Amino acid sequence: MDDDGLPTLAVWKFASCDGCQLTLLDCEDELLAVAGRVRIAHFLEASRAVLPGPYDVSLVEGSITTPEDAERIQRVRQMSRTLVTIGACATAGGVQALRNFADVDEFTSVVYAQPRYVSTLATSTPIAAHVDVDYELHGCPIDRRQLLEVITALLVGRKPNIPAHSVCFECKQRHAVCVVVAHGTPCLGPVTHAGCGALCPAHQRGCYGCFGPMESPNAAAEAGLLRATGMSEADIVRAYRTFNAAAPAFVELSRVTVGPPPAAGPGEVETERR
Amino acid sequence: MTHRSDRTLDVRALARVEGEGAMHVRVRGGAVEDVRLEIYEPPRFFEAFLRGRRYTEPPDITARICGICPVAYQMSACAAIEDACGVRVDGPIADLRRLLYCGEWIESHTLHIYLLHAPDFLGYPSALELAKDRRDLVERGLALKKAGNAIVELLGGRAIHPINVRVGGFYRAPAPSELAALARTLRVALDQALDTVQWAAGFEFPDFHHDHEMLALTTDGRYAIEGGTVATTGGLTFGPGDFEQHVIEEQVPHSTALHARLADRGRYLVGPAARYTLNRRWLSPLAREAADAAGLGEQCRNPYRSILVRAVEVVYAVEEALRLIDAYEPPARPAVDVPPRAGVGFGATEAPRGILFHRYGLDAEGLITTARIVPPTSQNQASIEDDLRRFVAARLDFDDERLTAECEQAIRNYDPCISCSTHFLDLTIDRG
């Protein structure tokens, strides 16, 4: 609490696209109301004014990809009473965690003529791999309604009500036709964390897993379902290895899904597995 | 503090920009010795990990480069991949793409005008502080931004990282009745956009001019957004396929963003001021009238006035969105088939911050073999540094605090989208 008696809120960015903290500014109808209930003490996307810590609540966006950021997150943790990670980068390494399955020096040489100028880690890791995290909010990007639920819950000191069930529940709730059953479209909905409101099935495409794994996904059943829709093993591995590539359940799913190598042409899959 | 011929000044955080970086200015013997915009946003290697992905994936993956302008990445990716596959998308699907892009221009420009840039002119650290005195103004900005997001949400599924865009078009095309509801929102937004131009025209603009060569897409008959031919104020014209012959990217030690220059010509500028200067005649009459009333001339050479150009472009984008909605006939199918083939394709569109170029190489199965992405901010880096060099040289008598604040504003003029990302712009002015 600061002098006004208002809880202080800080927003931090690590390797990311800015989309999750932008979600806060995209709460066009609620932003000024939220700003009246907290003291925004550190939110550089929104304000030059920075108050010293400690902070009651820190929202952390982005993953850890540099030695400097591995140190910075420790300082952020020390200054934060409650630390909430927001989004796929902060909770699962983000799309930049695709380097975890590759040779980062080779990656650097593809993008930069002088790789020696670039300081980067071989991995992109979630915040929880470095410090204790009090709460994780999934999504690439996070959902505006879930963000407001977390902020308001923390303000009154209760546990946020964020269900960990699958996208399929939301699909049924909005009476969307199941794209797998109706059209044979590949869909990660059965193993993906709810939160988006089943956006993709409602737009006649399969879920591509941007909210990361649900609680206790059924890997074998999903593998069978994806194969039945015609996805190759390589397609399936790529689907899991996208925006939540470092989420343990998705890493595990991609392994279970691949299963025993197919009779012909296993080389490609094996190469991707590393 | 003032009038020192050698000075050092550190500011740890440049706020209200997108991206992680540092500004370094060194003054020696009363002269600006060195100016560097140091972008240290951690590299994320999109061009590397796109290799081996299927040709249908870049619209989803490259959207994640930027939360503020994901549509630009999706549109340039689709254009390049369709070019590689020899497919041309036109008719209602192309119109829906332009409409979606109008939504992004409105939300991104309004975000920059109200939340990032205007507080500089009004002497507030943030729009949230401004709201304590002038809640009506900030509410107007948020409502206008929301109208832009409403377009992106309807056509794209969500405002950040839209899910409804695919190579060849969309997964689902909206019903005319859905667009009619949007049109009601946009008619209100048009008044808000016109009020925004008028409001920003009242700001005090420092007297500062630059002579950078300007580069933007141009299309005969309308203001270029989702495609066109590249043109420069120096008289160059070329297609997106020749972009890499004319634009040379170089790595510099102090930045994780590559520096771009025009071959044999040097630094150049992209973005709203460049678009306005090259394409003003294609603005709608109402947008041109607003520009005239705001005091914008035939061209915009004062970077501080870029806020006015953004406001004028918002007027244009709202009007254009209304026009496209009015003319909308749903396509028979929401996307055209794009069968893969081996080849290379090029795509360039006008992101809110300027031209965004993509190139992809595909193999016969449609797996990506090479990818190249040239975002607007890296193209502007050299021009921003040049502005700062001249800007600081003319203001060496300012005290450190004021000079620093004004340098930050000078950078914000360009709405840099540094990762496209945030905000640890670590501003160092070394005068000692």
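Just so it is clear, glycine is given a Cβ too, placed from its N, Cα and C backbone atoms.
Some features that TrEMBL has for this protein:
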type: BINDING; residues: B:GLU47, B:ILE373, B:HIS423; note: Mg(2+) binding site
type: BINDING; residues: B:CYS66, B:CYS69, B:CYS417; note: Ni(2+) binding site
type: BINDING; residues: B:CYS69, B:CYS420; note: Fe cation binding site
Problem set entry | binding-site residues among B:GLU47, B:CYS66, B:CYS69, B:ILE373 whose Cβ lies under 8 Å from any chain A Cβ | B:GLU47, B:CYS66
Seminar exercise, completed: Same chain, |i - j| six or more, Cβ under 8 Å of B:ILE373 (Mg(2+) binding site); the result in sequence order is B:PHE46, B:GLU47, B:THR62, B:ILE65, B:TYR73, B:SER76, B:LEU356, B:PHE357, B:HIS358
Problem set entry | Neighbour tally for B:CYS66 (Ni(2+) binding site), based on other Cβ positions within 10 Å of its Cβ | 31
Exercise. In DSSP terms, helix, strand or coil for B:GLU47 (Mg(2+) binding site)?
Worked result: helix
Exercise. Between the binding-site residues B:CYS69, B:CYS417, where is the Cβ count within 10 Å the lowest?
Worked result: B:CYS69
